[in-house]
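Okay, structure first, notes after.
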Amino acid sequence: MAIERTFSMIKPDATKRNLTGAITKMLEDAGLRVVASKRVWMSRREAEGFYAVHKDRPFFGELVEGMTSGPTIVQVLEGEGAILKNREIMGATNPANADEGTIRKVHALSIGENSVHGSDAPETAAQEIKYWFSDTEIVG
């Protein structure tokens, strides 16, 4: 499997509970390496832009409110099959359906406060990385 990069986000519901280190450790323990990371407090415009794909969905307003409610950690992860590996470590979107030992099973509060986001494909990984990072901020 090829070395690839993916985008990862630790959401405000997790940062407010001081889970940044615990979640990052789970990612690193699975063989992913953090090659870029920063703490941001999303503006409404940034959240609406990042989640524009969901703008017509009924949960969009609640999503934007949640993402602007506190600090977020945005990261670029690197490793073999990083996109799929990150998705597996995160677990199902609904923590009730997530496998034991996944980030969402261990740390998520609900489907809306599910602690993390990760890219689902190479194209979205590239877009999401570019949304938050310049090339000079990614050091690996």
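Just so it is clear, glycine is given a Cβ too, placed from its N, Cα and C backbone atoms.
Features of the protein shown, as given by Swiss-Prot:
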ACT_SITE  His117  active site, pros-phosphohistidine intermediate
BINDING   Lys11, Phe59, Arg87, Thr93, Arg104, Asn114  ATP binding site
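Shown on the structure are the features that Swiss-Prot records.
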residue	record	DSSP (3 states)
Lys11	ATP binding site	coil
Phe59	ATP binding site	coil
Arg87	ATP binding site	helix
Thr93	ATP binding site	coil
Arg104	ATP binding site	helix
Asn114	ATP binding site	coil
Under 8 Å by Cβ from Thr93 (ATP binding site), counting only residues of that chain that are 6 or more apart:
Arg104, Ile111, Asn114
Pairwise Cα distance for Lys11 (ATP binding site)/the residue listed as 'active site, pros-phosphohistidine intermediate' [Å, integer]:
7
Of all the recorded positions here, Lys11, Arg87, Arg104, His117, which one's CB has the most other CB atoms within 10 A?
Lys11
Arg87 (ATP binding site) to His117 (active site, pros-phosphohistidine intermediate): how many Å between their Cα atoms?
9
For a quick check of packing: other C-beta atoms within 10 Å of the C-beta of Asn114 (ATP binding site), how many?
23
Roughly how many angstrom lie between the C-alpha atoms of Phe59 (ATP binding site) and His117 (active site, pros-phosphohistidine intermediate)?
16
Phe59 (ATP binding site) CB neighbourhood, other CB atoms within 10 A:
12
